[in-house]
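Asker: Per TrEMBL, domain 'Phosphatidic acid phosphatase type 2/haloperoxidase' is recorded for 97-209. Positions annotated as transmembrane segment by TrEMBL: 12-34, 72-90, 97-115, 135-155, 162-182, 194-216.
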Amino acid sequence: MRRQMLALKTRSILTITTIIMIGLITFVLFQFTLLKELDNIIFNWFKSNFGNPQLNFQGGLLNDYLTVVAKYGDVATWLFVAIIIGIILLSKKSYLLGMWVILTVGSGGIAGIIMKKILHRDRPYDHLIQDSGFSFPSGHALSSTMVIMILLFLILPQLTQYVLRIILQIVIVVIWLSILVSRLYFHAHYFTDVLGGVTLGVLWIMISIHIYRVILNFKLDSRKMS
């Protein structure tokens, strides 16, 4: 019964994120007025409140914090974290799960790069020189979402100390939200780019979970038959 409920939740999330992703891609292609206005409102709010912040440690405490988050919360960092998680799982003889983590995050990152090259959405006009390439979806948002979902729902539940688990969950979520905010703060992306990265991250994890279950069930069936 519990397994059926989990499968139902996975399918529901998969359906919802697929619909949102299709909607966002359609918006990027056809520039619907409503979402374009939303992007402009949020962009102008950050610009009017924070100006044109630079990726350095000379703009105050908030700027320093978001500089750290933006520099070390990039795609390469999260891929490195995923590889470390995968190696730890492999060392514990969880071979299928370890490879799943590495391949999921790696392939998700590639999917994001391909989508950027296909959609060709420009970044905000005053983005930092350091932020090159196309804008949709946000690579920071995509990679951080995938790895943080793995940490929250795969790794941290293994901790037996309740208080420590809760503290780590809060810290991880705060770091994730900070990364998302940093992309808007530094004018690296529009809001829909960040939303697209998060949505694609969740969608990719859900697809990978489904594939993982299919492979796992196949292995179990093979063992029963042998």
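Cβ atoms are placed via backbone N, Cα and C, with glycine included.
All TrEMBL annotations are machine predictions without curation.
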Asker: Where else in the chain does the transmembrane segment (194-216) make close Cβ contacts, counting only residues six or more beyond its ends and a cut-off under 8 Å?
Answerer: 7, 10, 13-14, 17-18, 20-21, 24-25, 28, 96-97, 100, 103-104, 107-108, 111-112, 115, 136-146, 149-150, 180, 183-184
Asker: For the transmembrane segment (72-90), which recorded stretch in the set 12-34, 135-155, 162-182 gives the largest number of Cβ pairs separated by under 8 Å?
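Answerer: It is 135-155 that shares the most Cβ pairs under 8 Å with the transmembrane segment (72-90).
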Asker: Which residue counts does DSSP yield for the domain 'Phosphatidic acid phosphatase type 2/haloperoxidase' (97-209) in the helix, strand and coil classes, in that order?
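Answerer: The domain 'Phosphatidic acid phosphatase type 2/haloperoxidase' (97-209) comes out at 86 helix, 0 strand, 27 coil.
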Asker: Residues of the same chain, at least six outside the transmembrane segment (12-34), with any C-beta under 8 angstroms of its C-beta?
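Answerer: The answer is 115, 119, 121, 136-137, 192, 195-196, 199-200, 202-203, 206-207, 210.
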Asker: Give the mean pLDDT for the domain 'Phosphatidic acid phosphatase type 2/haloperoxidase' (97-209) on the 0 to 100 scale.
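Answerer: Here the mean pLDDT over the domain 'Phosphatidic acid phosphatase type 2/haloperoxidase' (97-209) amounts to 94.
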